[in-house]
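K.L.:
Feature list, courtesy of Swiss-Prot:
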type	residues	note
TOPO_DOM	1-10	topological domain 'Cytoplasmic'
TOPO_DOM	32-50	topological domain 'Periplasmic'
TOPO_DOM	72-77	topological domain 'Cytoplasmic'
TOPO_DOM	122-133	topological domain 'Cytoplasmic'
TOPO_DOM	155-161	topological domain 'Periplasmic'
TOPO_DOM	183-205	topological domain 'Cytoplasmic'
TOPO_DOM	227-244	topological domain 'Periplasmic'
TOPO_DOM	266-272	topological domain 'Cytoplasmic'
TOPO_DOM	318-331	topological domain 'Cytoplasmic'
TOPO_DOM	353-360	topological domain 'Periplasmic'
TOPO_DOM	382-393	topological domain 'Cytoplasmic'
TRANSMEM	11-31	transmembrane segment
TRANSMEM	51-71	transmembrane segment
TRANSMEM	78-98	transmembrane segment
TRANSMEM	101-121	transmembrane segment
TRANSMEM	134-154	transmembrane segment
TRANSMEM	162-182	transmembrane segment
TRANSMEM	206-226	transmembrane segment
TRANSMEM	245-265	transmembrane segment
TRANSMEM	273-293	transmembrane segment
TRANSMEM	297-317	transmembrane segment
TRANSMEM	332-352	transmembrane segment
TRANSMEM	361-381	transmembrane segment
Amino acid sequence: MTNSNRIKLTWISFLSYALTGALVIVTGMVMGNIADYFNLPVSSMSNTFTFLNAGILISIFLNAWLMEIVPLKTQLRFGFLLMVLAVAGLMFSHSLALFSAAMFILGVVSGITMSIGTFLVTQMYEGRQRGSRLLFTDSFFSMAGMIFPMIAAFLLARSIEWYWVYACIGLVYVAIFILTFGCEFPALGKHAPKTDAPVAKEKWGIGVLFLSVAALCYILGQLGFISWVPEYAKGLGMSLNDAGTLVSNFWMSYMVGMWAFSFILRFFDLQRILTVLAGLAAILMYVFNTGTPAHMAWSILALGFFSSAIYTTIITLGSQQTKVPSPKLVNFVLTCGTIGTMLTFVVTGPIVEHSGPQAALLTANGLYAVVFVMCFLLGFVSRHRQHNTLTSH
């Protein structure tokens, strides 16, 4: 693979995460405007965004098999066509059914692109370099999560219609589409070059189960936590502005942590540092949940920084459980994380209704403790060390 080709594929991976981050995180900014547009209460409007999450989940799950049937370049180019249709649907339709369909299509495009982006990084890089590259790729999710809400605020403050926010997000996919030209993608399944040697089927092992549970609990815990921090902070007497600042600080610290750990991870065994970070994150979340408002800003900054590398390291370790990175395995771990996203309000909504926001935060804390236990148990069964030894010779 030529260096310029590798750079193009790496940028496609970066932008695939930016696309998903923009679509998922901008929701809170535009929901009120969309509710007014359709003359609906915000509470019923929020349910239609489940179509976005469902599209992401279904496409990540199915793409484990689709990757071996449909070439990656074809998928990305077809995704561009779907993106144009979805944004056009949002712009020219006043029907809630068509809005929901467009959201589902955006989710499908986003999920397919993100699963391809993840696979490209696991395919191009090995060992500890794979972990640091995946982490840097994941930081584009947070970066888009910071940039696009600012773009949305800028547009909405000038009374520009909400759908132009999605048109701006569509420009990320335009960049991906342009990068596919003159770029060679790894061939998979029936498109892969034929070899005389039979392909050995590798068993995944119990380590993949531990990592999948950790991925689900981590994302469910993280989103369950950050979704209810503003309500919890307001309950302690903080202003809405200060509560929002807590969330912004978390994501800013998370992004800085990703950049720092993309360098730091190269010097440590991934399973060991993952266990330490998961334990630290559980402790810092407990400090936030039980601390005074005066200390909340510092504890959430520390939590964002030290938890930033957890999810990507889980995916990296998953890809290292087999000698050759398996798209099915990587997508399985990703799917488990996406299920965590889907379950966020299903799990935390009733808890908040019965016991208040702090109970949801303590539930998230318990989920982080489960992540720590899974990472600790992984140390006894993980195959990443033997595969790293093989690839380094």
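Quick reminder: no glycine exception, Cβ is built from N, Cα and C everywhere.
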K.L.:
Report the listed stretch (11-31, 134-154, 245-265, 273-293, 332-352) having the maximum count of Cβ pairs within less than 8 Å of the transmembrane segment (361-381).
P.N.:
273-293
K.L.:
Considering only the recorded stretches 11-31, 78-98, 245-265, 273-293, state which has the highest number of Cβ pairs under 8 Å to the transmembrane segment (51-71).
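P.N.:
Checked against 11-31, 78-98, 245-265, 273-293; highest Cβ contact count belongs to 11-31.
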K.L.:
With DSSP, how much of the topological domain 'Cytoplasmic' (72-77) is helix, how much strand and how much coil, in residues?
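P.N.:
For the topological domain 'Cytoplasmic' (72-77), the helix, strand and coil counts are 6 helix, 0 strand, 0 coil.
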K.L.:
At least three Cβ pairs under 8 Å linking the transmembrane segment (297-317) and the transmembrane segment (206-226), pairs spaced 6 or more in sequence?
P.N.:
yes
K.L.:
Give the nonlocal contacts of the topological domain 'Cytoplasmic' (266-272) in its own chain as ranges (CB under 8 Å, at least six residues past its ends).
P.N.:
128-129, 131-132, 313, 316-317, 320, 375, 378-379, 382, 384-385
K.L.:
Counting each residue once, how many in the topological domain 'Cytoplasmic' (122-133) are helix, strand and coil under DSSP?
P.N.:
10 helix, 0 strand, 2 coil
K.L.:
Counting each residue once, how many in the topological domain 'Periplasmic' (155-161) are helix, strand and coil under DSSP?
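P.N.:
So the topological domain 'Periplasmic' (155-161) is made up of 3 helix, 0 strand, 4 coil.
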K.L.:
Please tell me whether the transmembrane segment (78-98) and the transmembrane segment (273-293) touch - that is, whether there are at least 3 C-beta pairs under 8 Å between them, with each pair 6 or more apart in sequence.
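P.N.:
The answer is no, given that the two segments have fewer than 3 Cβ pairs within the 8 Å cut-off.
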K.L.:
In the same chain, which residue numbers or ranges, 6 or more beyond the ends of the transmembrane segment (11-31), come under 8 angstroms Cβ to Cβ?
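P.N.:
That would be 42, 45-46, 49, 52-53, 56, 76, 106-107, 109-111, 113-114, 116-118, 120-121, 136-138, 140-145, 147-149, 152-153, 156, 162, 165, 169, 172-173, 175-176, 179-180, 183, 341.
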K.L.:
Going through 134-154, 162-182, 206-226, 273-293 one by one, which has the most CB pairs that fall under 8 Å from the transmembrane segment (245-265)?
P.N.:
134-154
K.L.:
With a Cβ cut-off under 8 Å, give me the same-chain residues at least six positions beyond the ends of the topological domain 'Periplasmic' (155-161) that come close to it.
P.N.:
29-30, 33, 37, 168
K.L.:
Taking helix as H, G and I and strand as E and B in DSSP, count the residues of the topological domain 'Periplasmic' (227-244) in helix, strand and coil.
P.N.:
14 helix, 0 strand, 4 coil
